[in-house]
Amino acid sequence: MGTENELDVEGQTEPPIRGLKSSKNTSASASSPTLAGTVRTAGTVSADSTPTLPGFTPESAHTLTVPDVTSLLETDSQNGIDNTEAARRLQQYGPNKVEGAKGLSLWTILLRQVSNSLTLVLVITMILSFAIDDNIEGGVIAAVILLNIVVGFVQDYRAEQTIQALYALSAPTCKVVRAGQTESIKAELLVPGDLVRLGVGDVVPADLRLVSSINMSTDEALLTGESLPVSKHAEIILKDRDVPLGDRTNMVYSASTVTRGRAMGIVTATAMNTEVGKIAELLRTTRGKTVDEDSSIVRKIWTKFQNGMRVILGLDGTPLQVSLSKFALLLFGLAILLAIIVFSVSKFDIDDEVLIYGICVAVAVIPESLIAVLTIATALGTRAMARGNVVIRKLAALEAVGGVTNVCSDKTGTLTQGKMVAKRVWLADGTEITIQNTTHPFDPTSGDVRVGDADWALSEKETKTPAQLTAFLETVALCNNSAVTKADATAPFKAVGEPTEIALQVLAMRFDSGKPQLTAGGGHGLLAEYPFDSSCKRMTVVCRSDGSDDADTSSAYAYTKGAIEAILPLMNASDALKAEIVTRAEALAAEGLRVLCVARRPVDASLFSLEPKDGSDQKLPERNTVECDLVFLGLAGLYDPPRVESAAAVAKCKEAGITVHMLTGDHVKTATAIAYEIGILSRDPSAAASSPNDIMVASAFDALTEAEIDAMPSLPLVLARCSPTTKVRMVEAMHRRKAFCVMTGDGVNDSPALKISDVGIAMGLNGSDVAKEAADMVLTDDNFASIVTAVEEGRRLFDNIQKFLLHLLISNIAQVILLLIGLAFKDRNGVSVFPLSPLEILWANLVTSSFLALGLGLEDAQPDVMQRPPHNLAVGIFTKELIIDKFVYGTAMGGLCLAAFTSVAYGVSGPDGLGEFCNSDYSPACELAFRARATTFATLTFLLLVTAWESKHFTRSLFNMHPEKYSGPLSVFRTVWQNKFLFGAVSAGFVICFPLVYIPVVNRTVFKHEAITWEWGIVAACVVVYIMIVETWKARKRRRLAGVRNKKAVVGVEAA
């Protein structure tokens, strides 16, 4: 299933010099080769043969003759339409603009920052704080919300500006014929029926049906994924309406580029009706729930409401966004429950003190700084990625890419260089030449060359170059219209011409036999050229074989190259040799190479003199008299080579448990060869057994139902001849398998899949505007390896989010335990005394914990970050280990804070006990309560500082955290110094605690606590006990993990 068996030989090789091919006056030979399902016909069709035509649609233009198209569009194939009619049609059809690459509005960017449950919970908390006149707390929370919005907005806005800077203006102007006059107009003013002129380098401004063409070819890689330019012919008429875009050779499409020749065409579609526009329309669909058009109005309104609420609550997004939003809603529910518990203890006799205490308990359970820390940590990671040539359009995309399980990549220009190079040569004498490790396709010095079994160097040219090779190189260099040059010794090589010709010219230059070297001093002067023609698939030039200027006295050669089936019948060779040539060509084609045949023959140079002889005009010999009795020289195998970094990047993905899929519009043989070369497919017999569906053609994949696709053991690793719909179906199939996929690409044809994938990554240099608009990330260097860097950064961020999430939640659990049990601490009036004041809670959550959490967010990646499989998306960020750890450490911290409070409040009880009204004001009777509160605050602060260092690793001891780097009893100091920001945050938290306890007014009036003395001994004891508890728990986890590993090892040995 999913293979192509036809021989993949080169069918278009040269920029030929030909006459006009007009559908009005050109008739094709009956023997001319045609596309499957096509016929060549003259544009003037007899009445008997003219089919009955339905109403015109752009989708059927390739099946119509030019007169039919002009008739249906009411235009003229020579003069076009007039300006009056053009103005009328512009009103009817609108401007020729594709909606889609317009960027994000400021309002959209702003809304993205607040569309999550955590922010909404903070807003509610802020409102409650202001409602009870706790303006300090409300102001601090408002500042946190504002900080999150500003940081996120600035980051996303800058990314959007960078993307807009990458956008190129596609076909801003074009040449149009109106009322017989050629004029240059803005492309957006084109209308159906306009007659457009195209030349080399032009960007096609709309979909056109060609009227006439002269050696026309276009680069449609951005639209179809085809790596080579496609030859276009106005006279071809296609029978099948459903012919793929890449095979509609009488049409040119918007956003493609003219690579050779010139043409005139009639506009058949503009704006959103073009093929590019249809793809852009796919990008406008949303991910939310859809509803049938036949549904009731109530149903439609309810569906829109559900989609809106999902966006507002942050339930549409990356796994982390969804997990944190659900977690925030859970915390909000828990906060309400805790407040109810507080109110119930007072038998719902709610005065100001009870209300404030209830809100304090509710606030304690919410990690106010989480959203700010997450935003800042992600923004810093995004800045680091920008230095690595990755622009993050959405902050959430950086974390999301860390959880990727599958990468779906385009081939041309993404995994490959997008340029042709010669890879293999087979000479007539059996010599094989191999070129490998090419890093720059235009540089003749790039790569390694082997001639036979020996390495070849330019210095050994005179002694090691076989005569057969010399003749072969001479032919491919002279029968060639490309130019490969460099401005100076330090400048890079540049090339002009067809990709295939450039590759052959570079091949000749590797052996110092390029066209400039051969023609230096007047040698090998050109006598005649028989240009490439798609009907004969070959090109021939006749050149003198020496430097004589007199063509009558010099010998000459006819140099020919082209498709094998076109040259083989013209050779003076035995049947055995021809059979061997075909066998070798098939072997090269099986490697995914495009095969060219090279031959020559000696000719009489006098036949090509244009000087009159014997009083009569001298005419050039006919082509068929020159291209005969050819002597076979060899075969050349060409291909679009992989990027140098692609193989290593794919290997790194595999090591990280990520499956790489190639989705390309190219031929299956070419795609398969590249897949083997870069490691997507493995030839290693020891590797896991491959699936029969690893390689498929899109037509076979598209023919399957969703149920049949889901029943496949695995999805294809190579999917060739893809359409945009095929890529979308592939991504949807991955989603049904609960995979988290990244789609990479540069073409317009990649855009719909980029949009619906979990993370879309577009190419910034050669990518289309529509692709960049659809993507979440853009690679500014078009380097596939940058994706691996992004994955590594995403995994580092995910690990660090777990670390600072653990730290923040430990603090919240400790405070909830402390405050709930603190309901039992009552003063003389029976009013509960706060173990921590509201501002102390806020200080611990928003100041102390925030900077510590941010420091954890800046931790370096673990050494094994790319050696482990992706994290379980079903579990998400809240793993079983994290949940258990936060309750163990949080309970320990809360218990020790309770111990600190009770040790002071009841261990040294004074005559006034806990006093009265000690929650709001200081009085001498509140001395004990204020000292106990200060002790608890100091204990909580120091335990949070220690927890920050302990959270650097979930299982390793703080005293031996990096055994691969540091060892010995003093390694703990190097461990804590490694992350300097975190070290600074811990040091600052330690130092600042003392002024908060001792500075007058600040301690009693603001924080509601008093200076302490001997109580520091209690604080120190609590810190030591806490470290012992944490280290004991980690040691227990290490022993359990070691036991699991030993058990697996024993099972493995027994199985062996």
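Backbone N, Cα and C define each Cβ position, glycine as well.
Since the structure is predicted, the reported quantities are computational estimates derived from the model, not experimental observations.
The compositional bias 'Acidic residues' feature in TrEMBL is assigned to 1-11. Taken from TrEMBL, the feature region 'Disordered' applies to 1-61. Among the features that TrEMBL reports, compositional bias 'Low complexity' is placed at 22-32. Among the features that TrEMBL reports, compositional bias 'Polar residues' is placed at 41-52. Summarising the annotation, TrEMBL assigns domain 'Cation-transporting P-type ATPase N-terminal' to 60-134. If you look up TrEMBL, you'll see 114-132, 138-154, 327-348, 354-377, 804-825, 841-858, 887-908, 928-949, 981-999, 1011-1030 marked as transmembrane segment.
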Given pairs 6 or more apart, does the transmembrane segment (928-949) have at least three Cβ pairs under 8 Å with the transmembrane segment (138-154)? no
So if I exclude everything within five residues of the ends of the transmembrane segment (841-858), which remaining residues of that chain have a CB under 8 angstroms from its CBs? That is, six or more out. 136-137, 140-141, 144, 360, 363-364, 367-370, 372-374, 376-377, 380, 797, 800-801, 803-804, 807-808, 811-812, 815, 937, 940-941, 944-945, 947-948, 951-952, 979, 981-986, 988-989, 996, 1007
Can you break down the domain 'Cation-transporting P-type ATPase N-terminal' (60-134) into helix, strand and coil residue counts using DSSP? 47 helix, 0 strand, 28 coil
Counting only residues 6 or more past its boundaries, what in the same chain has a CB within less than 8 Å of a CB in the transmembrane segment (1011-1030)? 888-889, 892-893, 896-897, 899-900, 903-904, 931, 934-935, 938-939, 942-943, 946-947, 950, 958, 997-998, 1003
Recorded stretches the transmembrane segment (327-348) and the transmembrane segment (804-825) touching, at least 3 CB pairs under 8 Å: yes
Residues of the same chain, at least six outside the transmembrane segment (354-377), with any C-beta under 8 angstroms of its C-beta? 116, 118-119, 121-122, 125, 128-129, 132, 134, 137, 141, 144-145, 147-148, 151-152, 324, 331-332, 334-336, 338-339, 341-343, 346, 395, 797, 800-801, 804-805, 808-809, 811-812, 815-816, 819-820, 823, 832, 834, 836, 838, 841-842, 845-846, 849-850, 853-854, 857-858, 919
When you scan the chain for residues with a C-beta under 8 Å from the transmembrane segment (981-999), skipping those not six or more beyond its ends, what do you find? 843, 848, 851-852, 854-856, 858-859, 934, 937-938, 941-942, 944-945, 948-949, 952, 1007, 1009, 1011-1012
